[in-house]
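The structure appears right after this line, and notes come after that.
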Amino acid sequence: MAERPEDLNLPNAVITRIIKEALPDGVNVSKEARRAISQAASVFVLYATSCANNFAMKAKRKTLNAGDVLAAMEEMEFERFLEPLKEALEVYKKGQKGKKEVSEQKRKDKEKKNDSENDKSREEEEEEEDRMEEEPEAENEAEEEEVEN
């Protein structure tokens with residue numbers, strides 16, 4: 001468990017992308033500044049997680065949820081970020097629901113395909129059995145004709 005900012009190293013590529021998206025084009029950021037922002041982000045993540053964990057513990061839960069994070073943001077006096085965070089959370093939930101529905105539909109389609117293939121296999125097996133039963137009858141009839149002749 002990361003308890004110090006040094007223990008938590010956010011990926012440099014992620015930090016760089018966030019910085020580039022936050023700044024206008026043409027603004028350069030030194031390695032030292034990127035490192036400082038990375039450390040600040042680590043401190044923020046640790047602090048927000050600790051505050052959210054306190055809310056979960058008060059509710060006698062071991063799992064942090066979105067409500068805990070929102071309450072932590074308010075406690076940390078980041079109220080101005082609550083609405084954008086709630087909106088982002090709604091977008092995420094809708095995306096997850098959409099993914100779940102797509103996944104469920106794929107599963108149903110696969111089951112239908114398997115059922116269809118199983119039906120075809122059963123039909124083929126039954127046809128094969130019918131042919132196998134017909135062949136001995138045809139052979140017996142041919143033998144009977146030979147015996148009669």
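Each residue, glycine too, has its Cβ placed from N, Cα and C.
Feature annotations, reproduced from TrEMBL:
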COMPBIAS  92-123  compositional bias 'Basic and acidic residues'
COMPBIAS  124-149  compositional bias 'Acidic residues'
DOMAIN    9-73  domain 'Transcription factor CBF/NF-Y/archaeal histone'
REGION    92-149  region 'Disordered'
The domain 'Transcription factor CBF/NF-Y/archaeal histone' (9-73) - residue tally per DSSP class, helix then strand then coil: 47 helix, 0 strand, 18 coil
Reported mean pLDDT - the domain 'Transcription factor CBF/NF-Y/archaeal histone' (9-73): 93
DSSP residue counts for the compositional bias 'Basic and acidic residues' (92-123), split into helix, strand and coil: 32 helix, 0 strand, 0 coil
